[in-house]
Amino acid sequence: MKKSTPAPSAVPLWRQQLHYRLKEGALIAFGALCLYLMMALLTYDQSDPGWSHTSSNAGQVQNAAGWAGAFCADILFMILGYFAYIFPLLLAIKTWQVFRHRHEPWQWSGWLFSWRLIGLVFLILAGAALAHIHFHFSAGFPGSAGGVLGEVLGDLAKRALNIQGSTLLFIALFLFGLTVFTDLSWFKVMDVTGKITLDLFELFQGAANRWWTARAERKQMVAQLREVDMRVNDVVAPVAPDRREQAKARERIIEREVSLSKHMTEREKHVPAVIAPAPSKPAEPSKRVLKEKQAPLFVDSAVEGTLPPISILDPAEKKQLNYSPESLAAVGHLLEIKLKEFGVEVSVDSIHPGPVITRYEIQPAAGVKVSRISNLAKDLARSLAVTSVRVVEVIPGKTTVGIEIPNEDRQIVRFSEVLSTPEYDNAKSPVTLALGHDIGGKPVITDLAKMPHLLVAGTTGSGKSVGVNAMILSILFKSGPEDAKLIMIDPKMLELSIYEGIPHLLCPVVTDMKDAANALRWSVAEMERRYKLMAKMGVRNLSGFNQKVKEAQDAGEPLADPLYKRESIHDEAPLLTKLPTIVVVVDEFADMMMIVGKKVEELIARIAQKARAAGIHLILATQRPSVDVITGLIKANIPTRMAFQVSSKIDSRTIIDQGGAEQLLGHGDMLYMPPGTSLPIRVHGAFVSDEEVHRVVEAWKLRGSPDYNDDILAGVEEPGSGFDGGSSEGGEDSESDALYDEAVKFVLESRRASISAVQRKLKIGYNRAARMIEAMEMAGVVTSMNTNGSREVLAPGPVRD
């Protein structure tokens, strides 16, 4: 049913401006205070008047901050000692944090402020105590090295724990206070430190490998030059007067010719590599393509209730062979030579050309480790003059090692080419995904329901957004809105907003991250509701539920909703209908994690753990594959991954738990890890342009309009779900609802105070109608619920002319 979405209440502009001005004023005040205190501390002179002593030279102050600065410095040194120098730095750190979040709305929290203040107190006490224990104070300063606080705490701790125990205690308190005061995550510090260490190690290792390679090449060149000199001296020797010397020279030449002929015979006996046939165009299109080529009999019926034709996509270009068997064999022989230069004996077993890359399957000699070949990937790329070389260590069912080398002329894999295949047409799942072609040019078709969730990551320009569009269009070409529904979350407000208005959407494209959290909460509540329905029906998954509902409808005995709560004996439970598969697409997962934070991670983990049987699936995409975004909790529950080109091996390991994604070519080149395996498949993603997406969206708009559910973005709890919806902060008064007056008018005219009646009349959700009835009860319009579940209308009816 069609529902209207009320406009969210916005914060008044004057309040926003006031918050920003107050925040700017606080920044200026704190910055000036930090500079003033540091200037006072650095120019402290004991001859100046202060709090701890008097001075006969009161008229002249040496401190650059003046009389007040001298007093402030004396107080800080007297109380904190050397730690007084750190105190302005702590204020500066907090000022910097406020500056970083200056564009966010100001939200005061007394509990959070108290927690930060406790952290500052721990910092000051622990720092002063450590200064007193480990430093000696100068005679030109008042008090001790740790001030009064440090002296008292340090002496007490030394008597109880000795110096070592006291140091350990105060260091722990100092780190705890620093974490609480500045929100510093030590796990993130360790991750960054480890990443820098690994990058430096790889840098030094690469430099060492280059040096050893250059050294070996120089040695080989010197040896070759010496051999040439020896040949010249042997062959072009001066005429010897002795006949015996001439005979020996002839024998040496004959021996060299015999050895050369033997070497040529061995090369001729070498078995050439088997070159696999090139990927040709599909032998025959799918039945759907042939059916769409037939002209429809009635123009009006060609749109209503049908899927968009694949012909609205750009057709695939005619494939032409851009190589020859001789060139492939030459590259294979060159590969053997280059690996032999690095001390690795191999032989090319087979060659598999593809649209983007060519895989050379090599057979290593006995005793050669695969790791030696993997470590030579960059050196091979340099030797072969290509952008990157990827080494496939394990090929299932074979004893060979794969070396993937990019082609000189790269072919474009069109999206229409993948959709026209029988593999896509014969797939029965409503959430079938057409990814692209594998290295051999065969289509890669997968089922999102079997994944059941997908994690996509890749840097900017790697083809990640095009891949997400291809997945969405795969669903739009496969199923109608009665079979699949979409919830799209687009923090960047650019990628997914193009799909606004298609009938598959359950709610408008979400760009506000607070609404994104509400959408995920609704998904969890819907998951719980579906599980309760399936438990009542005695089925185990969504397909079994839909089958049972369909059989009941075909038999003329539709099933009633067993979870419906009746308010009176006159209420009738609504009939069960087919439940569609729901796909939640998040384009930039990192932005949502940064803004909403931990609660989104928990919601996603809960959906990923349980939502498979309920027919709710996630597609999470991010261009920042770091461990603070793709956490262990998310990775553990989403085993299916898709890695586009990334910048480092660490990012590749974060996504697919192994290297390789950093050696991809970009522009849709990906490593796809199917469910149930740890061996990624290299896939060349299908290209879909923005114009094609627009054409598909317009075609679906002609076939229907969206049926939005207002409860999704309102963050409302579903009845009987057992899950706290956690709506927006503070909540809203139901009387401010845009439809509240219309609901009161309906109740007064019909004299029926029923939630279900209001729900059917206004075409809204159950929870919204219940809130309106409760608001009428608070306002005295209707009575509270009687024993039989009914209510009486107290207010008089409207006056009629």
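Glycine is treated like the rest: Cβ placed from N, Cα and C.
Summarising the annotation, Swiss-Prot assigns ATP binding site to GLY461, SER462, GLY463, LYS464, SER465, VAL466. The annotation domain 'FtsK' is assigned in Swiss-Prot to 441-653. Per Swiss-Prot, the feature region 'Disordered' maps to 715-735. Marked as topological domain 'Cytoplasmic' by Swiss-Prot on the basis of sequence analysis: 188-801. Swiss-Prot lists 24-44, 73-93, 117-137, 167-187 with the feature transmembrane segment, giving sequence analysis as the kind of evidence.
Packing against the transmembrane segment (73-93) from elsewhere in the chain are residues 30-31, 33-35, 37-38, 40-41, 43-44, 48, 50-53, 63, 65, 120, 123-124, 127-128, 130-132, 135, 137, 141-151, 181-182: each is 6 or more residues past its ends and has a CB under 8 Å from a CB in it. Using the Cβ center of GLY461, SER462, GLY463, LYS464, SER465, VAL466 for ATP, the list of other same-chain residues with Cβ within 8 Å runs, in sequence order, GLY458, THR460, GLY467, PHE644, GLY666, HIS667, GLY668. Contacts of SER462 (ATP binding site) defined by a Cβ separation under 8 A and a same-chain sequence distance of 6+ are given as PHE644, GLN645, VAL646, LEU664, GLY666, HIS667, GLY668, ASP669, in order along the sequence. In the three-state DSSP classification, LYS464 (ATP binding site) falls within a helix. Residues of the same chain lying 6 or more positions beyond the ends of the transmembrane segment (24-44) and with a Cβ under 8 Å from any Cβ of it are 62-65, 69-70, 72-74, 76-77, 84-85, 87-89, 91-92, 94-95, 98-99, 102, 141. Sequence-distant contacts (6 or more apart, same chain, Cβ under 8 Å) of LYS464 (ATP binding site) comprise VAL456, ALA457, GLY458, ALA621, GLN623, PHE644. Shown in sequence order, GLU495, ASP587, ALA621 are the residues of the chain, 6+ apart in sequence, with a C-beta less than 8 angstroms from the C-beta of SER465 (ATP binding site). Ranking the binding-site residues GLY461, GLY463 by the number of CB atoms within 10 A of their own CB puts GLY463 at the top. Per-residue confidence over the topological domain 'Cytoplasmic' (188-801) averages out at a pLDDT of 80. In sequence order, GLY668, GLY685, PHE687, VAL688 make up the list of same-chain residues 6 or more apart from VAL466 (ATP binding site) whose Cβ falls under 8 Å from its Cβ.
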